[in-house]
Amino acid sequence: MTQEVRTVQTTIENTASSQQNQDVGKGRGVYISTYGCQMNVNDTERMYSLLEMQNFTPVEKPEDASLIIINSCSVREKPVHKVYSEVGTFRKMKEKNPDLKIGVGGCVGQQEKDNLIKNQPMIDFVFGTDQIDNLPTFVAKTFEGEKKQVQAKFEHRSPYHIETMVRNPGVATFVNITKGCDNFCTFCVVPYTRGREKSRPLQHILTDVRHLVKRGVKEVTLLGQNVNSYKGDEGVDFADLLAKVARETDIERIRYTTSHPKDFNQKLADTMAAHQDKVMEYIHLPFQSGNTRILDRMNRNYTREEYLEKIAMLKRTIPNLVLSTDIIVGFPGETEAEFMDTVTMVQEVGFETIFAFKYSPRPFTKAAKFEDQVDEETKTRRLNYLFDEHDKMAFELVKRYEGQTMKVLVENVDREDGKIQGRSSSNKLVHFLGTPDLIGKTVDVKITKAFPAVFRGELL
Ligand code: 5AD
Ligand code: SF4
């Protein structure tokens, strides 16, 4: 056994509380309702894995569960409401089945803490984003009869040691490399719900990836709120990490998300280009606003011009690069002209995919206290306008892919139309006719029809 494997195993033993291996579940069903980002999806996998060790059985429908957990998201306003409405639905189940236990975790759990239990007496326990590994303890205590547990402490001092836990990793899976965020963009609740930024040790990540390869995984997405500020041991930065995962593991494809423009440098672009056989030519690089005054108020630490310079550098360095982005419209004080700077930014860069949102004031954040909030109607109008302008451009942009051959990693069979589904190296979803034995293989597909979000093709 190598030194690094031992390190990770020790970590597993340390994080595993004695409650984990007890028969708390007695085979009963557990259902986890998940909202939000990939980080949350990964956290849910971790929760299921921990609860399976306590002899709970994951179930597909909440009606079949004795334990329901809502793994919530609070990055924008609506998901918070969703938690409340979902608790309402589960309340009816609890009235029929008094043994049913309900817990809330994730960012809403972190943010609302005891408010949740005060407002919703049906909730048995609430836990924060740093408390997932203690879930078996809360669950055991809940089933022993303890009521209204709230645990949302941040483990600020402890290192970020978690091994990846996925039950059925499939072809493509996620590996956390950083957590938390220290950037404090003025609109964003994440620094408050996920805590201070921490990086996992390099060797732990490499060991994780090697284990996943042994389980048949072909592609990993390195995950963090701000991956390119990764700080490993002995001065290892994100570019070094990427190169090591490419060189020192047998993983076929590597992606990562999310990057911050201020931390994106030439070294990282060069590393991507040098390892283009493994590191996919796709970057999600949120710009949030195309106007420098708004960027300043957002505390983003770059100007419009600096963002555009980085894009030019990336396009020069990485052949066939595909970019996507996040955008906020109607940030406090945004004028019509400043909003138009965002529209022209989308056009100038030529994003094939955008994720755009209306600004939503979040608790604890600076921007929520700005007095010049934009009214809802204006936000909606701007968002619709932005999507319309993007649609006009994106349908044209992707036409150039028609007739091209792409390397597609086959992930699964689409439930709806029975077609094979996979991703190109540029992260496009591609549908084509094929057989399930292709799952896990990388095949050549000729693109016959290209839409911004999905391509159709023929297996060559
Ligand atoms: N309002 C609207 N959108 C937000 N995002 C983060 N916080 C807010 C907010 N308060 C968006 C950003 C971020 C993405 C994950 O969610 O665009 O990149
Ligand atoms: Fe939020 Fe900004 Fe951190 Fe991204 S970089 S998680 S937007 S604070």
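Backbone N, Cα and C atoms are what each Cβ position is placed from, and that goes for glycine too.
Noted in TrEMBL for the protein shown:
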- 28-144: domain 'MTTase N-terminal' (DOMAIN)
- C37, C73, C107: [4Fe-4S] cluster 1 binding site (BINDING)
- 167-396: domain 'Radical SAM core' (DOMAIN)
- C181, C185, C188: [4Fe-4S] cluster 2 binding site (BINDING)
- 399-460: domain 'TRAM' (DOMAIN)
Counting Cβ atoms within 10 Å of each candidate's own Cβ, which of the binding-site residues C73, C107, C185 comes out highest? C107
DSSP secondary structure for C107 ([4Fe-4S] cluster 1 binding site), reduced to helix/strand/coil, please. helix
Nearest to C73 ([4Fe-4S] cluster 1 binding site) by Cα distance: which of the binding-site residues C181, C185, C188 is it? C188
Name, in the order they occur in the sequence, the residues of the same chain whose CB lies under 8 A from the CB of C188 ([4Fe-4S] cluster 2 binding site) and which sit 6 or more residues away. V75, C181, R362, T365
Are there any residues at least 6 positions away along the chain from C37 ([4Fe-4S] cluster 1 binding site) with a Cβ closer than 8 Å to its Cβ? List them or say none. C73, V75
Binding-site residues whose CB lies under 6 angstroms from ligand 2, from C37, C73, C181, C188: C181, C188
Residue counts in helix (H, G, I), strand (E, B) and coil for the domain 'TRAM' (399-460), per DSSP? 6 helix, 33 strand, 23 coil
Structural state census, the domain 'MTTase N-terminal' (28-144) (DSSP three-state): 64 helix, 22 strand, 31 coil
Rounded to the nearest Å, what's the C-alpha distance separating C185 ([4Fe-4S] cluster 2 binding site) and C107 ([4Fe-4S] cluster 1 binding site)? Just drop the number here, would you? 17
Quick test of your reading of the structure: among the binding-site residues C73, C107, C181, C185, C188, whose CB sits under 6 A from ligand 1? C188
In this predicted model, what is the average pLDDT of the domain 'MTTase N-terminal' (28-144)? 90
For [4Fe-4S] cluster 2, what surrounds C181, C185, C188 with a Cβ no more than 8 Å from their Cβ centroid? N183, F184, F187, V189, V190, P191, Q225
